[in-house]
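A short worksheet on the structure shown next.
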Amino acid sequence: MLLHSVNLWNLAFYALMVFMATLGLWDVFFGFEENKCSMSYMFEYPEYQKIELPKKLAKRYPAYELYLYGEGSYAEEHKVLPLTGIPVLFLPGNAGSYKQVRSIGSIALRKAEDIDFKYHFDFFSVNFNEELVALYGGSLQKQTKFVHECIKTILKLYKGQEFAPKSVAIVGHSMGGLVARALLTLKNFKQDLINLLVTQATPHVAPVMPLDRFITDFYMTVNNYWILNARQINLTTLSVAGGFRDYQVRSGLTFLPKLSHHTSALSVVSSAVPKTWVSTDHLSIVWCKQLQLTTVRAFFDLIDADTKQITQNPKKKLSVLNHHFIRHPAKHFEENPSIISDLTGTSMWVPVKVSKWTYVAYNESDKIYFTFPLANHRKIYTHVYCQSTMLDTNSWIFGCINSTSMCRQGVDLSWKAELLPTIKSLTLRLQDYPSLSHLVVYVPSIHGSKFVVDCEFFKKETRSIQLPVTHLFSFGLSSRKVILNTSGLFYNIELLNFGQIYQAFKINVVSKCSGVKEEITSIYKLHIPWSYEDSLTIAQVPSSTEISVKLHIAQPDNDSHVALLKMYTSSDCQYEVTVKTSFSQILGQVVRFHGGALPAYVISSILLAYGGQLYSLFSTGHCLEYATMLDKEAKPYKVDPFVIMVKFLLGYKWFKELWDMLLLPELDAIILTSQSMCFPLVSLILFLFGTCTAYWGGLLSSTSVKLLSSLWLALKRPSELPKDIKIISPDLPILTIIFILISWTTCGAFAILLTYLYYVFKIVHLQASLTMFKNSQTVNPKHSRRSEKKSNHHKDSAVHHLRLSSSDAEDSLRMHSTLINLLTWIVLLSMPSLIYWLKNLRYYFKLNPDPCKPLAFILIPTMAILGNTYTTSIKSSKLLKTTSQFPLPLAVGVIAFGSSHLYRVPCFVFIPLLLHALCNFM
């Protein structure tokens, strides 16, 4: 029925929208690198020792527990308390298990064994009963208070020890990281109880799906506190994101706000972390061996040798985190590294005067110092670049001051180097080091190893090449390219006009090599200067390598830096770099950043179609098909211009004051602008996707009703079409009271679902009755015509005397088809709290707080009445015209206030439903 009411052009349009949405979804869920994380394994059987909590605490939080992680002999020894190590508390996230601590705990245990337990960490983990806190925010405050009690309990386990800790380090995964930040908002919490906070894939900025007001209120409380008290918060915080592999929490949400007076926070994507260099999904970030090794190394470097606990020095903490997570110089961390190094011993000193130099070291018996006099090079070149394939942690490059050919001491420049997967490299601007007379490269004596050292002097302009990216709307049909003809080792490709999150490109690097017998590796590093979200691609040349280029964080307005493609190349190869727009990845960015708002646009489209149906019933006496009205009424120009106009007017002080005086909430479009998430035409794209989803959803719901009615006919022969329409049947008040009591005593979403199922049952019954009536009409047409004529003859304005004809039944089914589609989305939006309630039913019979309870009290009687409502009973209502005019402004309100706050959407929907129900009585 729905397909027949849509012309072929519209059907082709809906199919095109499905195709475009599929492209975007594919990019989000599959358009990323393969999982390159190595699995972290336990060497001994993991054990989780339950820590006994005070009886009052256990009674107050019956679903929560605290565990100590251990393996083998360590676990046996620590069954007898007190403890002697350094406490670290792991907080799992949404539906997370306390057992996820085993990866980092096991690696830290192996590291402690390597140093004969000079220092060791005790890893604790909280069991939150795998609560779905990303879907239901009512328990976030409860979790926060429990963690506070856990910290106090943990510290008591060390009481009486010589080096007893006074604080704990916290590792929070997903929502666990937000709970850790929320600790500071508690009235009686002392900030000194936490010495370090590491969060993994935690959405700090905003909830992924704002499904209830408790989540958004919790976020507002936490973020406002951290912003307003930034000067007083001295907690060193590291936030690690998973990159594009994590489609559950996009990395842009994990970046802590950058405040000029709060410098103790770092945010980084795992693909940019040295020695990790991989993107992780939402779960693998807790077991990814490369990342956990980096985290554990940082933990051990944070230890203060005097207190045998994590240092209280904030500068050292930041230095360690920068060393391991931002820029690694291929040297072990030193708090105060010696800048001047001795260059003595029986070594060869070899002067090098050429501007480009390569040395292949193999089975070297003597130490060699290669010296590069800088006086002549300064006249011609601006920079020097050196790289080595020997990835040890020894110093390898120095600078001599006022020397002729050799020097006894040199400035250790190795701390300025950067570690990459296959090389360590150093680039120096010569004018920054005017006192250096020579550059010295050290080659140690080695046996059985082979490595290569390269150095070259160059002018910056010869290695910095500008490449303007293609236009957003070029759809990949045009491209731009540069060719690197010179035989350099290092190039910076400046990607001009690239800084917005809606931009996405494919860069293809083709390398052609001459006379190369051995396998050569090139590294292509996408460097984003305004955020730590770099990514690396390793290519074996000659080859053709494709690189996806898109952003997690948009370029700030006051930032003038340019995104770079840093190319570490081979001097034997020629490189061709081509960039073109990737349309599928642009759609992926739309879905990634705005996919959560799609339900609001779907419901807005359905509301517009619903309003059109009500008006057609008022004006013509008949209800048109849902698909017809969707095509006619669901137009973006009916919604978007109003939102844009209000956003524009809010820029004026007088309008903003009037807006605040009316106590209206902040416009969602302004929130998106503050987060740099405003795409060009994004609302139009989302509206088209929403209309398409509304159409196919309507087709699915109407088909489902027909299939269920066929099943009903097969199982039971229903009665004929109702002869007398009764809006309030004898059983309706009783059912309504029962459902309301269920809502009051258990869960509002559960009562809404039961009422929805009752409503669907009534519509299925009506569909079955109409089907049987039509079948009997086909068998006995004369009798059917007499029945129809008789039915029309007995129609009366009084509701309780109304009789239902087949045409009225069809009109009613058309209206109910739209209502089912609309109510289905309301039920879906209320499902998270129902799932949470069912999961915790063994602990709590009543959900408290319940985000759906107020809605249930209104929606239950409304749906109950609508289940007995027919078009013939409302077409003469005085309220019908007014009711038909409400869906349009409410559709605008859904987009204006519900796209970033989905829990507000049902508040806009129940208003026309309530008016529709009242039409039966007015």
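From the backbone N, Cα and C atoms, a Cβ is placed for every residue, glycine too.
Marked as compositional bias 'Basic residues' by TrEMBL: 782-793.
What TrEMBL lists as domain 'GPI inositol-deacylase PGAP1-like alpha/beta' is 83-301.
Look at TrEMBL and you will find 597-921 tagged as domain 'GPI inositol-deacylase transmembrane'.
What TrEMBL records for 779-800 is region 'Disordered'.
The transmembrane segment feature in TrEMBL is assigned to 12-32 (among others).
According to TrEMBL, the feature transmembrane segment maps to 598-618 (among others). Residues 624, 626, 629-630, 632-635, 638-639, 686-687, 689-691, 693-694, 697-698, 811, 814-815, 818-819, 821-822, 825, 828-829, 871, 874-875, 880-881, 883-888, 890-892, 894-895, 898-899, 902, 905, 908-909, 912, 916 of the same chain, all 6+ positions outside the transmembrane segment (598-618), place their C-beta atoms under 8 angstroms from a C-beta of that stretch.
What TrEMBL lists as transmembrane segment is 667-689 (among others).
The transmembrane segment annotation in TrEMBL covers 735-759 (among others). Long-range contacts of the transmembrane segment (735-759) within the same chain: residues 819-820, 823-824, 826-827, 830-834, 837, 845-847, 850-857, 859-861, 863-864, 866-867, each at least 6 residues beyond the stretch ends and with a Cβ under 8 Å from a Cβ of the stretch.
For the transmembrane segment (819-839), the list of distant contacts is 129-132, 135-136, 138-139, 211-212, 599, 602-603, 606-607, 610, 626, 694, 697-698, 701, 705, 746-750, 752-753, 756, 759-760, 763, 847, 850-852, 855, 859, 863, 866, 902-903, 905-906, 909-910, 913: same-chain residues at least six beyond its ends, Cβ to Cβ under 8 Å. Here TrEMBL flags 819-839 (among others) as transmembrane segment.
Here the transmembrane segment (851-870) has Cβ contacts under 8 Å with residues 136, 138, 212-214, 725-729, 732, 735-736, 739-740, 743-744, 747-749, 751-752, 755-756, 758-759, 762-763, 802, 804, 808-809, 811-812, 816, 819, 823, 826, 830, 833-834, 903, 906-907, 910, 913-914, 916-917, 919-920 of the same chain, all six or more residues outside its ends. Taken from TrEMBL, the feature transmembrane segment covers 851-870 (among others).
Taken from TrEMBL, the feature transmembrane segment covers 890-915 (among others). When Cβ-Cβ distances below 8 Å are used as the criterion, the transmembrane segment (890-915) is approached by residues 206, 209-213, 216, 596-597, 599-601, 603-605, 607-608, 610-611, 614, 638-640, 642-643, 646, 665, 667-669, 671-672, 683, 686-687, 819, 822-823, 825-826, 829-830, 851, 855, 858-859, 862-863, 866, 879, 882-883 of the same chain, each at least six residues removed from its ends.
Predicted-model confidence for the domain 'GPI inositol-deacylase PGAP1-like alpha/beta' (83-301) is 92, expressed as mean pLDDT.
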